[in-house]
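Take a look at the structure set out below.
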């Protein structure tokens, strides 16, 4: 009956490249798309109710313009000859505050076109109005910024994975390095390997095909990718907690060689994240099974966030307690210089990692998601991608025990090679 108006493609493209990002995301936030989906659902519900309600007698012959969703706003029904005026969509940090009203008239042929047009009346905060295509948006300063961020964190995770695999190989191959402490380190390294792998899997599943709108994507593959990612993040934090717990145990039990605690550590490091993610998956399936489960604005996100904050808080307490015990033991005259050096060597790496890994997460958790977006991206993506490399460096490559074992085996291999060469030369000479 009326003229069905659709918003210009340039406006929709601009909305999809808005720089409103969430933590642990490298692509435009879906909150804008979800906002319009909710508005559309409410409008369609109004239209459905109007179509089912009987028309009043005085309205016979004067049907007018019915309620319509035009892709951006919901226009309530009005009689022919009247008009309706609305403001720009109220989306925080997307549209600038404007007093301009958009108007549509109800004519006998239906709704007129919006005047002024949306892209003229509603000015975006972050992007220039000449970014009319997705290609141009990617070439804009903000688009280049996101591309640069992705390159940086891809290089970071690749470097971390290479270092972590090498460190795991070193701890696994040399028998003299087999001990409870290094077994915990291997599990800790593995959690970083899972985290880096999960990031690459998530990007591949969600963002490899540009023709797919990841904001409305709701497949088993994407939900599984997000679930695996959340599990790897939780395991990462809980194995850091295990490192702190083990360090405190060493200080309390004075370098015990007892391995009976290792299974408790494994239960904490892998089991607690498994239970937490299982509860989160069941909760999402039951109460919030829409999209790809990557919307961090959902209340059910606290099922994941709360255990992480708890692990960081406990680690902070361990950090304070270990610092206190270490100061007492170093000052104690009953402890030999050799033991003091052992205490220092075992504690320096963990005491550095605990605040490094947890402080920024706590700080950002106290602020709304739209605050400090650039800083969040830098800490979570760029610096976070190199954490695995830092862990391998501190716990393995700079470890004096590891360096001594590598030098010893390298010397044995050189001696063996020289002996073999000498034997071959002797055989050739005698022959």
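Numbers run from 1 along the shown chain.
Positions of Cβ are set from backbone N, Cα and C atoms, glycine also.
It should be emphasised that the depicted structure is a prediction, and the values quoted were computed from it without experimental measurement.
Per TrEMBL, the listed range annotated as transmembrane segment is 262-282 (candidates: 115-135, 262-282).
Of the two recorded stretches, the transmembrane segment (302-322) lies close to the transmembrane segment (262-282), with three or more CB pairs under 8 Å once pairs fewer than 6 apart in sequence are set aside. Below 8 angstroms of C-beta separation, residues 26, 178, 182, 185-186, 189-190, 192-193, 196-197, 199-200, 381-382, 384-389, 391-393, 395-397, 402, 406 of the same chain, each at least six residues beyond the ends of the transmembrane segment (151-172), sit close to that stretch.
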